[in-house]
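Summarising the annotation, TrEMBL assigns signal peptide to 1-23. Residues or ranges marked as domain 'Ig-like' by TrEMBL: 23-115. Residues annotated as transmembrane segment in TrEMBL: 263-283.
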Amino acid sequence: MGINPLMWKWFLFLSFGFKGVFPLRNVQVTIPKAVKVYDTVTLLCKYDLEGEQLYSVKWYKGNKEFFRYIPKEMPSMLVFPIPGINVDLSKSNANEVVLRDVQREVTGLYRCEVSTDMPNFYTMIVSSYMYVVDIPSENPILHIQREFVEGNYLVRANCSAPPSFPAMNITWYINGLKVNENGRKIINLSPIQTFPMDKRRLRMTVSYVSKEINENVFQGGVIKVQCVSTLFHLYKSEDVRYIDDDRPKPWPSSVIGFNGISAGSSFFVQYICWIVIIGVFMLR
Ligand SMILES: *[C@@H]1O[C@H](CO)[C@@H](O)[C@H](O)[C@H]1NC(C)=O
Ligand SMILES: *[C@@H]1O[C@H](CO)[C@@H](O)[C@H](O)[C@H]1NC(C)=O
């Protein structure tokens with residue numbers, strides 16, 4: 001017995017309900033990756049129904065539905081309360097939901113589910129993650145240590161970004177050039193009091209750099225070490241230290257006549273070299 005296409009579709013509908021397996025093309029969400037606490041946020045959901053009738057657009061945060069648009073029903077828009085989510089109905093419609101005054105706990109996965117009407121009931125879900133972040137008022141803190149090793153400086157630095165959720169990114173620059181970090185640590189701080197059960201604890205990034213610096217790097221006798229911490233596009237702050245080139249100055253090259261030895265050598269080593277050079281001349 002052959003199965004006619006309509007029966008087949010009904011079979012699928014009955015088996016899978018609204019989570020039908022037929023693709024509804026081009027469902028796309030535009031959701032900001034990160035926004036600030038108390039911002040007004042627009043979540044966009046665009047779709048191409050390809051001639052089908054729209055049955056519903058539903059928005060979920062995680063598994064919880066918070067907004068539904070069904071053009072055939074009265075009222076066509078419904079809001080289901082979720083703590084921290086404040087839907088502005090006057091600005092929401094079939095393609096967008098506007099959230100006012102977003103709170104930290106609004107951080108999460110957002111899903112838009114679009115379904116077409118009878119007879120096909122195609123359904124498609126698209127999702128995207130949004131962070132709602134508190135912008136710290138503090139700046140990163142840079143610590144620097146330097147040692148004088150074999151004519152070069154060894155600079156060791158660490159930089160602590162202000163606590164945030166999620167943890168910040170840190171970028172290093174020496175004289176304006178990007179330098180890779182040697183290591184990084186993310187420290188979990190104690191839970192925020194208002195959300196004791198919240199897994200999203202504040203985190204602090206500490207980044208480490210260790211770099212040998214020779215005379216080529218000194219520009220005008222100074223090195224600029226910069227630590228820049230960022231939280232998405234919402235926060236950017238830096239701490240800067242300058243290192244002066246206060247290594248012992250080599251003898252003037254006109255006296256030594258031998259740049260390779262003089263550069264970066266201590267006075268004593270240069271003195272010995274000088275004696276040896278004179279000695280070699282005298283022995284000839
Ligand atoms: C950073 O460096 C300073 C000075 O060298 C040191 O006292 C401090 O403990 C370091 N901090 C971290 C988090 O490693
Ligand atoms: C850190 O940088 C990565 C790579 O550029 C980026 O994807 C991520 O969103 C950044 N995270 C933060 C908190 O800024």
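Placement of Cβ uses the backbone N, Cα and C atoms for every residue, glycine included.
Nobody curates TrEMBL annotations by hand; they come from automatic prediction.
Regional average pLDDT for the domain 'Ig-like' (23-115) in the model is 94.
Broken down with DSSP, the domain 'Ig-like' (23-115) shows 6 helix, 44 strand, 43 coil.
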